[in-house]
């Protein structure tokens, strides 16, 4: 068992694109769920729109990478409006059902062979990085050090991902200190009370849904940028994993979603390496594929335990339990 | 309450610890019958009806609420008071009817716009926003905040000055409502009575024209009652109109200028408090049948006034 | 899973762990040997890929041989249990894909196009081609026959969904919990039935009976070990829902841990077909499945309408505090509802394993949304509404595949769900004033 390799692999996920992608999506979810109390159970749908929006714009329409990102954002805005208009006036659990159903509809539409020439159906899409890599300012070579050594393409993805994440966190930081954020938190507590004070609750909820959706789509872009888009990634489990990361860090905190994503991915990678290794040398009496399944069982158990015993997350204030009643 | 067991209070002002304030009179035109026209109505409702399944919760032919007066809406449980409240404030939609506020029709106007027009309400079950601090609760009440717009909210420079003045106003109101010591606490940590006070203070942050209070006294301990009553009377002195739903008859008698009685969704009587309470129809529909009117006696409120 | 210190200081944690222990123990002896498939050929060595599906009436066909040829490259591949195959190819070029018709089941043939297709690996580096297989002798089925067949099939699917939906709805009505782990109760039933009747070789009826009993026991233990303590702890409905999501994830992967990622068959899944009229035929299993569903649903209706506990259940759904105040033992009714709901879900799982056909670790999750759709459609928390909703969803899913591609048939149902929420958010049988 190579502990050095295992620890290095785990540490590399502190700033891996997947971690940044989860962090972006979790920041989006913190706006929607943590601050506004909106039960978006379909963040995977927003991420899928981001990933496919980017990839299809690049492959089918040949757009440059920054316009692909704009298309991804535009798609998520339109989608948020479509979901929000019918449901944001209704009770919270309807939004949950509609967002989760909407995410599935999107996934099935991307998966079907009917639109194979655009979506690649079950195979997903690859080979859309051209424009992005062409614009890479890093010359060919190796960057970083230790576990965080990457080639010029990985470095470029990581830099863009971190920039987007920094922008997202800054926006949330500014908004949540503003009167806008105050209204949003008020809506989470009791939307009727806020309505009685003359605030257009629907508009605020819609803005939160759209903003969170944009961050989710950006997460999808970063998730897809390093290699490929695979429809199997955007299942409901992805939504649940992002929720786990969010709740781990603290749903109504600025840096909680980021910290939660880092912890989630580092632990996932660590377990994903350690458990099969333990099985390999006979310490765990299971096969190696069973050993790698174990970590997902642990995610589920962890999610339950967090919600039951520390619903405010790592960074949350104990008094400030952040759950919608 | 039946008239033979409790003496009818004298119309003359009783010697109570606080300075009595004169009641507004001459609010109506003609005989005080249900639906009577007012000299200066602020709300006029016509044919407002709301049914839930087979049950008619509200069926009001015509009612007017007088301006710059304190009007009490009373009636037994299930009379439709809160439903009428919800309809007038846009929180519920009637099956039929029209109503106006300050001469502007409110049919189909959403709740938040009604509030922006100056008609602000509180709730029967207090809606303090528990995980916001008391001060944040107050600041939320202010109208026309530029920082509540998404893009302007991003730039603190735009809203900081307005925020300062809102904060100053919030401090004034909190001091007046004796909540200033609590301003940094989460609203969830307040007592039931303090939450009622907070909710009322928060409503005042928007400089309302009409304040609608749904059972302001429910769950308030007697020590706070007097201050709440004074606050309500202050609203009128400051030029606002108050409409409140209440079960506590002593309170109604004490501060209301006008009383509207509902039963089974209809307005069955209205008039100045003392006259209404002697109306046999009212005693039948409400006072005779229900014991909560003796609540005041049990808690000892206004005992001096009663026995005077 | 957790440190010993946690266990000794936290009785609730221990109870949670006991539940997982039960889940592990109940299926502890499953074999885990993965089935060998040559469904993926040359993917590691080649940058591009050709892949596809082989389906018969929308159902996957396994072990069909295909050849991919072009540019001097040739590879042979067989379809997997999902009817899928993938072949890595060296260049972005044209390839000829040939389906070996002798490896198709008897009496079927390629109906759309020929058994040779030419594909071009385009800029995406991947290309997919599908073969549509029909009855060899006949190319066109009359529309009315197709419609009837889909209707019957949809009714079957709907009744099966109904078994799961009623349980979900009853739990929601009595406890306010939107239980995402209900999907795993469905899988649990199928897995247990498979374990006893296929892995251990017990008679099928005994395997299914044991599946139902153990499902009920599982429900009882979950209520006692997780949900009742959490209710007493005062968790909000959203918190409870997220706990159920965690439980759903954990159980789902526990199933994968024991049965692996592949599809497994229950005994007798290849039952003979019965000709009804025209070209409409049904398998014996479809008929038995519908019969069982109808009998169970009738029994359930009797229970809810005429027994004391059933009436209490509906009373609690109506108004929990009023029901408690009028002397109904809410905890006891909720316990019975849990046992009932999980047993029904287990039965639905067994029937679904025959309907799909085959059982898989995430089979419950595949229909969870349809079950939620059924419950929402019928009106949240009304048992009979859920049943009506389920039948509508089932028929909708099947009928819609007459016009839209089979791999989009769930989309139709979900879009209808969203539209119904738009126009009648209280559902079909729900009451209007309940919603905001």
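Note that Cβ sites are derived from N, Cα and C of the backbone, with glycine treated the same way.
Annotation comment: TrEMBL describes A:12-31 (among others) as transmembrane segment.
Annotated transmembrane segment per TrEMBL: A:38-57 (among others), in sequence order. A Cβ distance under 8 Å defines the sequence-distant neighbours of the transmembrane segment (A:38-57), meaning residues of its chain 6+ beyond its ends; these are 21, 25, 28-29, 32, 63, 65, 67-69, 71-76, 79-80, 83, 88, 92-93, 95-97, 99-107, 110, 118-119, 125, 128, 205, 208-209, 212-213, 216-221, 223-225, 229, 231, 233-239, 242-243, 324.
Within its own chain, the transmembrane segment (A:63-82) has Cβ neighbours under 8 Å at 45-46, 49-51, 53-55, 57, 102, 106, 128, 131-132, 135, 206, 209-210, 212-214, 216-218, 220-221, counting only residues six or more beyond its boundaries. The transmembrane segment annotation in TrEMBL covers A:63-82 (among others).
Per TrEMBL, the feature transmembrane segment maps to A:155-176 (among others).
The transmembrane segment annotation in TrEMBL covers A:208-226 (among others).
Annotation source TrEMBL lists transmembrane segment at A:232-255 (among others).
The transmembrane segment annotation in TrEMBL covers A:262-286 (among others).
Residues or ranges marked as transmembrane segment in TrEMBL: A:292-309 (among others).
If you count C-beta pairs under 8 angstroms between the transmembrane segment (A:208-226) and each of A:155-176, A:262-286, A:292-309, the highest count goes to A:155-176. Sequence-distant contacts of the transmembrane segment (A:262-286) (same chain, six or more residues past either end, CB-CB distance under 8 Å): 1-2, 5-7, 9-14, 16, 18-19, 22-23, 241, 244-245, 248-249, 292, 294-295, 298-299, 314.
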